[in-house]
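K.L.:
So Swiss-Prot says this about it:
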- 170, 171, 172, 173, 174, 175, 176, 177: ATP binding site (BINDING)
- 374: site 'Required for activity' (SITE)
């Protein structure tokens, strides 16, 4: 029997070790401890960053939101039915990014930027981070250019400027989305790109909106981002940030963009759900402590940036142009309670609010804008000259009318001045009514306001105001097309335009064709 030599054995082992090819890969990996309700707890991820993407087996991704001493709480983006305890999870070193660029115009995408409209892949697009820091004060420029919504009541009394944040607030089924969609439709030929973010809505509702945008030709310059009611809370929470990043692409390159968040109440509810599942301590109305920051960091990204900012961002490729991102966030109230937690937060963040009232809506005044409570803090400087000049008495007339109407119910005999104010207020209220999907041009709006301001409606029956306005606009667009085109292009108000409008209305009233 041959005896084994220990020194030979050790030499063989050493040789084997020397020849062994081990290509080591340094990576931060952990183990899934629990999976429930779209939340995953992971043990062993030592170097993970807040908001970092975490990769699970089967190309499932999550986002780290809770960094604790011995574990990490992450929220899953998408389906998580393939995940189980004991699976591995590894850091990617990247934060969440979504596709951006003009290739997205006319498309419907989910919160992660994946197309869901059946029109094929997006093609070559850039990507950008979902969470970004808003431009600093030095890089901003004051708001002095208008965004025409096409609504008389808004453009005359609560004007919106490029780079402004104007809240649309009111109860459910009162016309908030209709107002925002009309504002998007009105940008069809204005050169403003639009982003519509639908959060927690029914898919059928979103499909109807997309169809309407397509019919009116507004979808071609609009991006629709959808996180419907059937999507996870994580995607509903992320959708507004993703839409904002897509809008910032235009702002940072010297273009103008408009973004509608429909609505931020549902985003706050989704974030509350995530926070409670992550075992964060609840605060008022069970919302987490940072729900104000949730909305402030989103809405601060809407701004008007200076020429220097655009030039610096594009490395000198674009010069002498300012960029803007205008935000129209929507908040749904419960029984008109604007003093609830989320509504008061968003009111304090934004530059004004358009308050829609149930009582007005139910009485047939649509859009149901309450002129007394609605305000635009910075839009006045951006208002078109002719609209600004002619709308001065409109808000006063409406406010006085509402006050006097309540008083007149108790008074039997009214003096002449009060009666005239009531009659004028009735006609102005009727004039402010407008059909859905029928945004008005500057000239059409100026004509209506001129007729009200200069007393041309006094002898028109209240019930005939609507048909009078339609006939008047049709008459001017047919017989005074040059004057209307001039108003639309310049938006100025001078003696020549004043005389032209006056003569035209007098000529129209003489025909009695309404």
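Glycine residues also receive a Cβ, built from the backbone N, Cα and C atoms like all the rest.
Worth saying up front: this structure is predicted, and the values here are computed from it rather than measured.
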K.L.:
Please list residues from the chain of residue 170 (ATP binding site) whose Cβ is under 8 angstroms from its Cβ, counting only those at least six apart in sequence.
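P.N.:
Spatial neighbours, sequence-distant, of residue 170 (ATP binding site): 176, 332, 333, 336, 355, 356, 357, 358, 368.
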K.L.:
Output the one of 177, 374 that, of all these recorded positions, has the highest number of other Cβ atoms within 10 Å of its Cβ.
P.N.:
374
K.L.:
Within 10 Å of its Cβ, which one of these binding-site residues (172, 173, 174, 176) has the largest number of other Cβ atoms?
P.N.:
176
K.L.:
Taking the Cβ of residue 171 (ATP binding site) as centre, how many other Cβ atoms lie within 10 Å?
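P.N.:
Neighbour count, Cβ to Cβ under the 10 Å cut-off: 17.
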K.L.:
Compute the C-alpha separation of residue 172 (ATP binding site) from residue 374 (site 'Required for activity'), stating it in Å without decimals.
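P.N.:
Residue 172 (ATP binding site) and residue 374 (site 'Required for activity') have their Cα atoms 18 Å apart.
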K.L.:
Any same-chain residues 6+ apart from residue 175 (ATP binding site) with CB under 8 Å of its CB? Would you list them in sequence order, or say none?
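P.N.:
Set apart from residue 175 (ATP binding site) by at least 6 residues yet with Cβ under 8 Å, we have 356, 361, 366, 367, 368, 436.
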K.L.:
Determine, to the nearest whole angstrom, how far the Cα atom of residue 173 (ATP binding site) is from the Cα atom of residue 374 (site 'Required for activity').
P.N.:
19
K.L.:
To the nearest Å, how far is the Cα of residue 177 (ATP binding site) from the Cα of residue 374 (site 'Required for activity')?
P.N.:
17
K.L.:
What other residues of the same chain, not counting 170, 171, 172, 173, 174, 175, 176, 177, have a CB atom within 8 A of the CB centroid of the ATP site?
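P.N.:
Not counting the recorded site residues, we get 332, 356, 361.
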K.L.:
To the nearest Å, how far is the Cα of residue 171 (ATP binding site) from the Cα of residue 374 (site 'Required for activity')?
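P.N.:
Residue 171 (ATP binding site) to residue 374 (site 'Required for activity'), Cα-Cα distance: 15 Å.
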